[in-house]
């Protein structure tokens, strides 16, 4: 717990159904109770939300990742924003540990939508005044918004785990980006661990199908740490792990901020060359979707610090610079 001075303040933290455990942990760290609200569904699937305490003039923070089921959690968030606006909240700050639709950030083919921008429009129109996000798939998504965005990074949390793990010697490691788009992320982790990096040249013939083509960098005899922002069906990460072992990697670890882990991900990871998968709790992970070799790290402390700094009108940049 960070402190107790916010118990009777105008700071309010609410949780929807996306990740109640994380929201509770954040509230505990801030030192206040979660705000009282009910989230119900009518028999036809419509969502009904009621805020069960006064928030007039309050700085409200709504914690809700738009993870599976994505559309349900997104609608919950939009309805809650509207409820807060109509209840005269002073500010409506949404905390989105995982931003669904972030992978649809551009027109990859003709006649495709840019759904990440559409979601940004919906959030702004509903009435949000600020968003705190964690490891957006494409950092330029911040430019889709006209409201302030505080973009937190999960890499330092992952790096601390590897530095503290007695079974891992950073001097014998190599950080691996599973594609060219993740090089900046891999470089940041490598800079913290003071290790070299490698890049996997990957080509994706169609969605959720990946093919490893080539590895750029020295792998043989080293412990490989693959880092990505999202692991979805785990096709990319497991093919990468096998390619690294084939190139002589001593061991292979994988890590990500957002464990979407859909479809065959659990089985693929458990049957892969990955010794351990390190993820954060940005997405609630049911036990039936969690591979047996998974270790979960908490982002609650990072989010709690961001909330307090926003509430106190202090700089948030110290958390991600």
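Easy rule for this one: first residue shown is 1, then count along the chain.
A Cβ is built for glycine as well, from the same backbone N, Cα and C atoms used for every other residue.
As written in Swiss-Prot, here are the features:
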- 202: active site (ACT_SITE)
- 44, 45, 46, 103, 104: ATP binding site (BINDING)
- 137: Mg(2+) 1 binding site (BINDING)
- 179: Mg(2+) 2 binding site (BINDING)
- 204, 228, 232, 233, 234, 235, 236: D-ribose 5-phosphate binding site (BINDING)
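Annotated features, which come from Swiss-Prot, shown on the structure.
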residue	record	contacts (Cβ under 8 Å, 6+ apart)
44	ATP binding site	none
45	ATP binding site	none
46	ATP binding site	none
104	ATP binding site	112, 113, 114, 115, 116
137	Mg(2+) 1 binding site	99, 102, 103, 105, 229, 230
234	D-ribose 5-phosphate binding site	261, 264, 265, 268, 269, 272
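Here the C-alpha separation of residue 232 (D-ribose 5-phosphate binding site) and the residue listed as 'Mg(2+) 2 binding site' works out to 15 Å.
If you measure from the Cα atom of residue 236 (D-ribose 5-phosphate binding site) to that of residue 179 (Mg(2+) 2 binding site), you get 9 Å. Comparing residue 235 (D-ribose 5-phosphate binding site) with residue 179 (Mg(2+) 2 binding site), their Cα atoms are 13 Å apart once rounded. Per-site Cβ counts within 10 Å over the binding-site residues 233, 236 peak at 236.
Looking at residue 233 (D-ribose 5-phosphate binding site) and residue 179 (Mg(2+) 2 binding site), their Cα atoms lie 16 Å from each other. Other Cβ atoms within 10 Å of the Cβ of residue 228 (D-ribose 5-phosphate binding site) number 24 in total over all chains.
In this structure the alpha carbons, written CA, of residue 179 (Mg(2+) 2 binding site) and residue 228 (D-ribose 5-phosphate binding site) are 9 Å apart. Site extent for ATP: among the recorded binding residues 44, 45, 46, 103, 104, the largest C-alpha separation is 30 Å.
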